[in-house]
Amino acid sequence: MQEDSKVYDITVIGGGPVGLFTAFYGGMRQASVKIIESLPQLGGQLSALYPEKYIYDVAGFPKIRAQELVNNLKEQMAKFDQTICLEQAVESVEKQADGVFKLVTNSETHYSKTVIITAGNGAFKPRKLELESAEQYEGKNLHYFIDDLNQFAGRRVAVLGGGDSAVDWALMLEPIAKEVSIIHRRDKFRAHEHSVENLHNSKVNVLTPFVPAELVGEDRIEQLVLEEVKGDRKEIIEIDDLIVNYGFVSSLGPIKNWGLDIEKNSIVVKSTMETNIEGFFAAGDICTYEGKVKLIASGFGEAPTAVNNAKAYMDPKARVQPLHSTSMFEK
């Protein structure tokens with residue numbers, strides 16, 4: 001296992017929207033910041049589940065696409081040189097005798113003066129395709145996450161799933177891919193009615209009610225064999241890529257073993273956003289307090305509170321109330 005011996009001022013666990021804003025704000029307070037994210041990309045559920053959906057309750061935006069909001073947050077954070085660690089799930093956090101936190105992930109050990117957890121509903125993993133041969137194609141042309149739509153340009157793509165994410169991906173891929181098919185085990189899709197209407201009015205090949213039965217190909221998937229649910233029909237389609245979108249399973253997992261005060265699967269915090277462990281803060285949907293409302297907008301307010309109090313924890317002489325951002329950037 002690798003070890004990064006550098007001790008950061010703030011380590012943010014979770015790279016969703018609140019985590020990204022937390023990292024930006026940490027930079028504003030001149031803190032060294034590291035983000036640890038379990039998924040292959042930043043953006044959390046916004047990027048992984050509904051990148052094309054509009055969000056209407058972020059201040060200053062009448063409406064904004066989820067992925068556009070993530071892109072804006074990444075651009076905002078890029079003002080500072082933050083360290084980003086992807087595909088690392090934090091397994092344990094321990095406050096050592098010297099007050100420094102030791103964070104152990106599935107692949108690396110990290111050290112930090114303070115920790116701010118912004119992990120939403122906890123770590124979430126994709127529901128995987130339950131076919132015997134599926135695992136051998138992961139990392140090749142079987143995908144659970146999509147980082148760049150352009151990688152599918154001119155290719156034949158099949159999407160498995162019937163929810164919002166599956167329908168969104170199929171519609172987004174239609175103008176880019178050579179051919180798009182969506183396969184769902186039921187005749188009716190669970191996605192938003194407007195999205196389903198757009199799907200049926202598109203050139204996407206809709207195959208229902210079918211389930212995947214076999215993946216054919218040596219090094220990569222070349223054919224997808226489908227079987228009709230409660231029927232005898234079979235379909236074989238030639239594909240270059242398979243995207244599985246069966247949803248995600250989220251849980252606090254090992255977070256429950258870190259000594260934090262947890263109430264109804266949320267971490268209890270004070271008005272400073274500090275947990276029962278000094279120097280360990282939480283913001284966003286992962287935390288709870290009296291009157292807590294779980295919204296992205298709320299998390300954006302909690303992030304500066306957590307950062308400013310983390311700064312004061314590290315340096316008692318530091319101002320909890322910061323300067324206005326205009327005085328910091330406009331010189």
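Positions of Cβ are set from backbone N, Cα and C atoms, glycine also.
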Q. Do you know which of Phe21, Phe124, Phe300 Swiss-Prot groups with Glu37, Gln45, Tyr50, Val90, Asp285, Thr326 in the FAD site?
A. Phe124
Q: Ten-angstrom check, please: count other Cβ atoms within 10 Å of the Cβ of Val90 (FAD binding site), all chains counted.
A: 26
Q: Would you mind pulling the longest C-alpha to C-alpha span across Glu37, Gln45, Tyr50, Val90, Phe124, Asp285, Thr326, which the record has binding FAD, in angstrom?
A: 37
Q: Specify the secondary structure state of Phe124 (FAD binding site) as given by DSSP, simplified to three classes.
A: strand
